[in-house]
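As written in TrEMBL, here are the features:
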{"type": "BINDING", "residues": "736", "note": "ATP binding site"}
{"type": "DOMAIN", "residues": "69-172", "note": "domain 'Methionyl/Leucyl tRNA synthetase'"}
{"type": "DOMAIN", "residues": "299-503", "note": "domain 'Leucyl-tRNA synthetase editing'"}
{"type": "DOMAIN", "residues": "809-926", "note": "domain 'Methionyl/Valyl/Leucyl/Isoleucyl-tRNA synthetase anticodon-binding'"}
{"type": "REGION", "residues": "560-582", "note": "region 'Disordered'"}
{"type": "MOTIF", "residues": "733-737", "note": "motif ''KMSKS' region'"}
Ligand code: ANZ
């Protein structure tokens with residue numbers, strides 16, 4: 001790379017031309033303007049209660065709130081892939097500032113999280129120390145890119161002034177319940193009032209509310225609170241010493257980090273009742289300007305299924321199943337319970353019923369034995385493994401029969417691992433003729449398969465000849481006539497409606513909606529997270545801390561690492577780091593609830609690192625407010641609903657598509673709770689979402705498959721060589737481990753940040769992944785050099801512009817560029833915007849000569865156009881052109897429509913069939929206009945010589961034929 005490095009060549013000749021745009025000059029310009037912008041507060045966005053209030057002009061501007069998914073300050077720092085989105089939002093924000101918007105753009109840090117804690121375990125460094133050092137490093141890296149952030153608004157989620165409000169929100173969620181009728185969250189005190197007045201019966205109790213003990217009341221309320229503790233089965237990972245979210249567990253039941261075994265264990269955990277919002281989380285997607293793919297992923301994650309619950313009587317108990325196909329009830333020939341289903345213990349008989357099929361017993365002497373053995377086997381598998389379509393179906397008979405309510409038939413009840421406890425009711429009616437998994441199971445266990453939906457593919461209703469289930473919805477019911485209900489002849493949707501009606505009438509079941517979404521497990525057994533604002537009294541009842549006791553700061557502990565155990569020891573229990581600080585855990589407090597000072601024990605779990613990113617958009621608005629989360633007037637201004645739309649929210653939110661569900665779902669959920677409780681004005685946090693692509697990089701591997709340093713690989717004769725050995729090349733991720741990371745610092749040092757910005761934006765459409773190619777960066781450096789040379793005298797540094805009028809061609813090129821670049825920047829098409837600037841600059845170089853003198857009226861809009869993309873060079877050129885104000889708040893140029901018409905076409909004018917003149921006319925010219933133009937043309941007038949015109953035939957825009965004489 002070094003032989004051909006033009007930056008180096010340019011530097012060598014810098015003496016000859018001291019004001020040439022070289023890497024050194026770029027570095028000097030960039031550092032100078034970055035300092036200036038900081039001191040000047042160029043990017044400070046005024047709030048409606050502050051500067052905006054006294055400035056009518058500012059107040060009249062529409063607002064734009066532009067946001068990036070904020071980074072985790074990793075110890076590895078940034079590589080060139082990371083800032084792609086940050087540069088894009090910066091370009092867009094700059095363009096918005098130049099088109100009359102009050103723009104809020106800043107960046108904070110999502111700074112709690114496991115990596116700092118694991119680093120702490122390895123090195124003994126306090127997570128705060130390493131995290132802060134990483135943030136400083138990242139801030140310096142980001143500053144070098146010239147990002148126009150309002151730094152007054154930046155914060156980190158680990159700042160106590162910030163997490164005070166994360167804790168405060170937790171308290172609000174804890175102290176509220178979801179009113180299914182009003183379809184919104186309400187304060188829990190209102191529910192208590194309903195119980196007290198008797199307006200609402202107290203579930204699970206026949207006594208009045210006033211007669212319940214404190215513990216009983218707490219239990220009742222726990223069933224309603226939007227944040228509640230429960231003894232849920234969780235993913236316990238002894239090797240990491242912590243509990244993991246489902247998403248942190250791999251398909252084969254191991255931890256994503258560290259690859260340790262994960263076990264199901266029952267632990268007292270905090271949960272968020274996000275399921276209460278399932279319907280609204282689906283419905284409100286419609287009003288959002290998000291990629292369809294992300295909306296679909298959210299819908300699938302929430303997984304709404306309409307179906308029915310049906311009760312099957314068995315031995316004085318009943319099995320309730322959830323089915324999406326109640327229409328197939330007549331085809332239910334057996335049932336399956338999840339192995340963990342609580343009913344299983346209740347009805348295991350002592351012996352196998354007479355004539356039990358051998359295959360059903362699993363070779364065990366009694367049902368109890370068979371069930372116990374099968375349960376142990378199932379417990380060792382993950383949900384994903386259990387559900388795999390292709391896997392052999394296993395299970396055992398429980399020894400009991402249930403009654404199919406629609407026809408009174410006895411159907412055997414099995415346990416099998418393909419039915420999950422965590423979905424629906426954990427029990428199914430099996431319809432092997434019409435469900436693929438049931439079909440496979442029925443074949444394996446020789447169970448009857450009864451066709452109740454007539455196949456439309458010609459296979460007939462004799463299931464003994466079938467190879468698979470028939471599961472189409474577009475068909476009619478057969479074999480479904482009972483004493484009290486008949487479905488025969490109905491199409492599937494009608495049959496569903498009919499049977500659901502019957503189930504409801506008879507009380508055997510009812511229509512119901514089931515969601516795949518689970519409540520959000522919110523506890524982590526870690527140190528480096530927000531402490532819960534919760535204390536337990538002597539009866540073990542949880543109380544939230546009053547606002548005056550927030551923030552509850554993370555205490556110092558001697559050893560902040562989680563206690564880990566033998567990875568295979570499933571019987572262990574986590575020991576939270578916070579529990580090791582006795583003084584902090586055991587406190588006497590007056591919670592201000594009238595009970596006076598009392599001893600309490602603090603909650604010693606911490607919140608998951610999603611918590612801090614659930615609401616940060618609100619805090620950017622009013623980051624230093626110590627009275628409330630955000631001033632309502634400020635929140636309303638930046639986030640409030642806009643005309644014609646159901647919600648408000650951030651105007652543009654840019655980040656990776658990997659955050660399709662968790663972060664975006666959690667943030668939407670918190671917004672909705674805050675909205676319901678009246679703390680914010682938009683029920684949706686992010687109006688427009690955009691996913692940037694990834695910057696990929698070539699990975700070079702030697703013959704052993706080991707990655708070699710990409711920077712040292714040479715290309716020769718179409719092959720790649722490292723230290724004399726041929727290596728292979730593949731496109732992959734960029735990163736330290738693949739030895740192909742390129743840092744923004746290296747590129748900025750070699751060419752300047754403006755070149756880096758341009759290169760990243762020029763690489764391709766923003767939403768598409770693209771391979772990094774260091775050798776191609778120079779192309780953008782050359783563009784900036786040519787641009788510079790077109791405006792600045794390289795010897796004197798003075799501007800070369802003149803007051804001359806630009807020629808027609810130049811005006812056309814200029815106005816087309818202005819128009820196109822503006823549209824592209826608005827549409828986030830930065831690559832084509834750069835192409836248009838390049839084209840214009842090339843035109844100017846040709847028209848006025850390299851280093852020639854541009855008309856000022858061309859040079860200025862050129863600088864303004866490049867300003868959002870390459871702000872440092874633009875600021876420098878703008879000042880060089882004699883301006884005293886920053887380029888940042890100038891108006892983006894507006895195209896003159898006269899120069900936007902397409903190029904002209906040539907019209908031939910004939911007189912008596914002979915060509916007498918040619919006219920350059922717009923292609924859209926009308927017949928009348930063209931006739932007028934032809935008849936007044938000098939040559940035509942001369943050729944006619946005053947002869948009378950008999951007829952004019954016009955074929956706009958190409959031909960005018962005049963018959964004269
Ligand atoms: C009878 C039936 C007949 C079913 C038929 C399907 C087809 P979705 O759409 O994903 O909600 N099911 C219910 N609970 C289950 C559990 N805990 N574990 C495994 N499977 C379960 O799927 C709902 C369907 O999945 C239900 O409808 C049930 O099988 C099964 F022709 O009931 B169906």
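Counting begins at 1 with the first residue displayed.
The backbone N, Cα and C atoms fix where each Cβ goes, glycine too.
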Same chain only, sequence gap of 6 or more: which residues have a CB within under 8 Å of the CB of residue 736 (ATP binding site)?
76
Secondary structure at residue 736 (ATP binding site), reduced by DSSP to three states:
helix
DSSP says what for the domain 'Methionyl/Leucyl tRNA synthetase' (69-172): how many helix, strand, coil residues?
58 helix, 6 strand, 40 coil
On average, what pLDDT score does this prediction assign to the domain 'Leucyl-tRNA synthetase editing' (299-503)?
93
Would you mind splitting the domain 'Methionyl/Valyl/Leucyl/Isoleucyl-tRNA synthetase anticodon-binding' (809-926) into helix, strand and coil residue counts from DSSP?
64 helix, 16 strand, 38 coil
